[in-house]
Amino acid sequence: MQSSRTFSGLTNLLFNRRCNLEEVPNSKRKRLRPGKISPRRLVPNHIQRPPYVKTRMAPGIASGHEVHDLKGIECMRASGRLAAQVLNYAGTLVKPGITTDEIDQAVHQMIIDNGAYPSPLGYGGFPKSVCTSVNECICHGIPDSCPLEDGDIINIDVTVYLNGYHGDTSATFFCGDVDEEASNLVKVTKECLDKAISICAPGVEFKKIGKTIHDHADKFRYGVVRQFVGHGVGRVFHADPVVLHFRNNGGGCMVLNQTFTIEPMLTIGSINPVMWDDNWTVITADGSLSAQFEHTILITEHGAEILTHCED
């Protein structure tokens, strides 16, 4: 989720707007190229839709924290569980030759088969049911006709809307044989998420999340992307608080029964984002690799419960 409270009118201020399709310096890997986007997939009429699908409201962060009663907690567990299962399934599809559009098709079908709505579909005009961010794509990659290649890494970001509650999660997967540089980046990014979750509890300051992530990334000289943040999630897709992944002096503390995401994005090189002309796909300015992991968590008396943990 972009850290501004709305996308509208701010794109040119936050991003360089260009689409660099040249080869990555000192690498055999070519920069991403946009492929063909298939028609929007249909959702059966009986499946409950989030309000933004009908109103076409602009994306943004809603005021007010997501704090739940017992019924709300159970609904959040259900949506988180489904999101985790869908993400786990999507990861099994990653292999050389598959297109990100084919992954989107499989994700879409699994979500609607379980009576849920794919939250990204129609959110601020996003045309697909999942985000697929390959190699230097930091986030919000649109599934298309381009096939994955051996050695790629891909973040798959799944959010489901089930019984009026969103569950949001993502992970970065290996496609075929991935080199040590990419493997280490993915490993450390996952460690950043795990360490950040481990310090969460009632009364803990949100700024400690950013410090924990930034401190660990610094040990490996990885960059931490600043333009995108974690967020409250529950009855709305994106709500307060804004969760920064870098060192900051922000205020606010975690409260019991609150739900939000933590979703650090690390890069090997530049942390500066470049947005494609589709107004969604965000890549690193120098073409260096980026990785991301995300969980939705619930603040409990004993710390944090990961709602999007997949139990095999």
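Cβ from N, Cα, C; glycine included.
Taken from TrEMBL as is:
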DOMAIN    74-301  domain 'Peptidase M24'
BINDING   His140, His238  substrate binding site
BINDING   Asp157, Asp168, Glu294  divalent metal cation 1 binding site
BINDING   Asp168, His231, Glu263, Glu294  divalent metal cation 2 binding site
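Annotated features, which come from TrEMBL, shown on the structure.
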residue: His140; record: substrate binding site; Cβ neighbours (10 Å): 23
residue: Asp157; record: divalent metal cation 1 binding site; Cβ neighbours (10 Å): 24
residue: Asp168; record: divalent metal cation 1 binding site; Cβ neighbours (10 Å): 30
residue: His231; record: divalent metal cation 2 binding site; Cβ neighbours (10 Å): 25
residue: His238; record: substrate binding site; Cβ neighbours (10 Å): 24
residue: Glu263; record: divalent metal cation 2 binding site; Cβ neighbours (10 Å): 27
residue: Glu294; record: divalent metal cation 1 binding site; Cβ neighbours (10 Å): 24
Taking only the CA atoms, the spacing between His238 (substrate binding site) and His231 (divalent metal cation 2 binding site), expressed in whole angstrom, is 6
Additional residues surrounding divalent metal cation 1, by Cβ distance to the Asp157, Asp168, Glu294 centre under 8 Å | Ala83, Cys131, Val158, Thr159, Thr169, Ser170, Thr261, Glu263, His295, Thr296, Thr308
Want to know which binding-site residues, from Asp157, Asp168, His231, are within 10 Å of His140 (substrate binding site) at Cα; which are they?
-> Asp157
Over the domain 'Peptidase M24' (74-301), work out the mean pLDDT and round it to an integer.
-> 97
Whole-Å Cα distance, Asp157 (divalent metal cation 1 binding site) to Glu263 (divalent metal cation 2 binding site), is 10
Could you measure between Glu294 (divalent metal cation 1 binding site) and Glu263 (divalent metal cation 2 binding site) for me? Cα positions, answer in whole angstrom.
-> 4
Length of the line joining the Cα atoms of His231 (divalent metal cation 2 binding site) and Asp168 (divalent metal cation 1 binding site), in Å = 10
